[in-house]
Amino acid sequence: MHLLAFGLNHHTAPLSIREKLAFPAETLPRALESLLASQAAREAAIVSTCNRTEIYCSSPDPHAALDWLCQFHGLSRAELEPYLYRLEASQAARHAFRVASGLDSMVLGETQILGQLKDAVRSAEHAGALGTLLNGLFQRTFAVAKEVRSSTAVGASSVSMSAAAVKLAEQIFPSVAELNVLFVGAGEMIELVATHFAARNPSCITVANRTLERGQRLAEQFGGNAITLAELPESLARYDVVVTSTASQLPIIGKGMVERAIKARRHRPMFMLDLAVPRDVELEVGKLDDVFLYSVDDIAGIVEVGKEARQNAAEEAETIIQARVAEFTDWLKKRETVPLIRALRDEADRARRHALEGALKQLARGDAPEKVLEALSVQLTNKLMHPPTQALSSGSGAEHDAQVQAIARLYRLHPES
């Protein structure tokens, strides 16, 4: 059984590919059930964010696990192969440690990914998809992330994607305080972005969400109001800034809707930031005059601020991670011996029961207990000594020398020459 991590991220694949492989939160239970049922994995956890889709699993066949991913999304291997990475054993652990520590993020050192990883593990746990191997991996992953953040400055001076959204808007408009801002969706990402915009005291904050009640709860945090997604077409023209991040599998803001809004605005500019994967806004919207449409990949340059200082801290973090990977590798090797230990104990127990059964029969016949115990001890001694004695009597050359050294070390013997 292999520990395997595979998937793609913002380093290896453009948004147009990443959105094809996304797992909305509501699909995770079904996806995990399907993966385990396919027997391509015994344990599994799926991490799906705007920047990455990764599967961590215990798999008897890495190729089968990858085939499942392609089949689940209706994609061909050839279509995905150029963008995928596959990591096994210690390399899979190293990757998990780096991801949780923010070293593999678009924003070096950002903390949001750690929460997303924990959410993925909780989803896998609720689906009954976690076992000893992945539990061991993720317990260590979260411990490493905590150690990195407490021991280094890797997260210092970072510009989050949420803060970058405000900076982008300020490049287009002179002041956020004069703007009407619309947030589409009511999840964690929208809440983070809304917090940064609210700090600039915009003229109006509105949250559009599929369920009005959830939208209202979020809007109230920022003194705003809420509308339903059905109200978007008639309301869109009111807003100067539109930030979207929903779990919709299809775009919810189309070119026609935005064209009508821009016309109603008399061609005043509109800033749109689509943080969803798959995208919430049709790609063609970006071709419209007076519309400034950005995706998660477009804000990469802004989040580079302060990266040099964090890069130095990242080198310290890599040293910590390397040490913890070595410890995890030792744990993996010990796990591999568990079946052998179990088989060894089973064999010893069979020998014990066989000898005991014979001794009890002798006692039942009236044999002297002393003789029965003596025979029992001799029988067990011979049984235990037969395998090493046979090994010492067989083989030749280097093989024999290795067996001699192994048995001497195993039994802690130091025979005189």
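Quick reminder: no glycine exception, Cβ is built from N, Cα and C everywhere.
Lifted from Swiss-Prot, the feature list:
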- Cys50: active site, nucleophile (ACT_SITE)
- Thr49, Cys50, Asn51, Arg52, Ser105, Glu110, Thr111, Gln112, Gln116: substrate binding site (BINDING)
- Gly185, Ala186, Gly187, Glu188, Met189, Ile190: NADP(+) binding site (BINDING)
- His95: site 'Important for activity' (SITE)
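Sequence features annotated in Swiss-Prot and their locations in the structure.
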| residue | record | Cβ contacts under 8 Å, 6 or more apart |
| --- | --- | --- |
| Thr49 | substrate binding site | Ile113, Gln116, Val277 |
| Asn51 | substrate binding site | Asn9, His10, Arg18, Ser105, Met106, Val277, Val296 |
| His95 | site 'Important for activity' | Ala5, Leu87, Asp104 |
| Thr111 | substrate binding site | Gly102, Arg149, Gly155 |
| Gly185 | NADP(+) binding site | Ala208, Asn209, Thr244, Ser245, Thr246, Ala247, Ala276, Asp280 |
| Glu188 | NADP(+) binding site | Gln112, Gly115 |
| Met189 | NADP(+) binding site | Cys50, Met161, Ser162, Ser245, Leu275 |
| Ile190 | NADP(+) binding site | Phe183, Val184, Val207, Leu218, Val243, Ser245 |
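Excluding Gly185, Ala186, Gly187, Glu188, Met189, Ile190, which define the NADP(+) site, the same chain contributes Phe183, Glu191, Leu192, Leu218, Ser245, Thr246 within 8 Å (Cβ to the Cβ centroid), listed in sequence order. Of all the Cβ atoms in the protein chains shown, 20 others lie within 10 Å of the Cβ of Gln116 (substrate binding site). Residues Thr49, Cys50, Asn51, Arg52, Ser105, Glu110, Thr111, Gln112, Gln116 are recorded as binding substrate; their most distant pair of Cα atoms lies 15 Å apart.
Take the mean position of the Cβ atoms of Thr49, Cys50, Asn51, Arg52, Ser105, Glu110, Thr111, Gln112, Gln116, the recorded substrate site; other residues of that chain with a Cβ within 8 Å of it are Met106, Val107, Ile113. Of all the Cβ atoms in the protein chains shown, 25 others lie within 10 Å of the Cβ of Ser105 (substrate binding site). The DSSP secondary structure for Ala186 (NADP(+) binding site) is coil.
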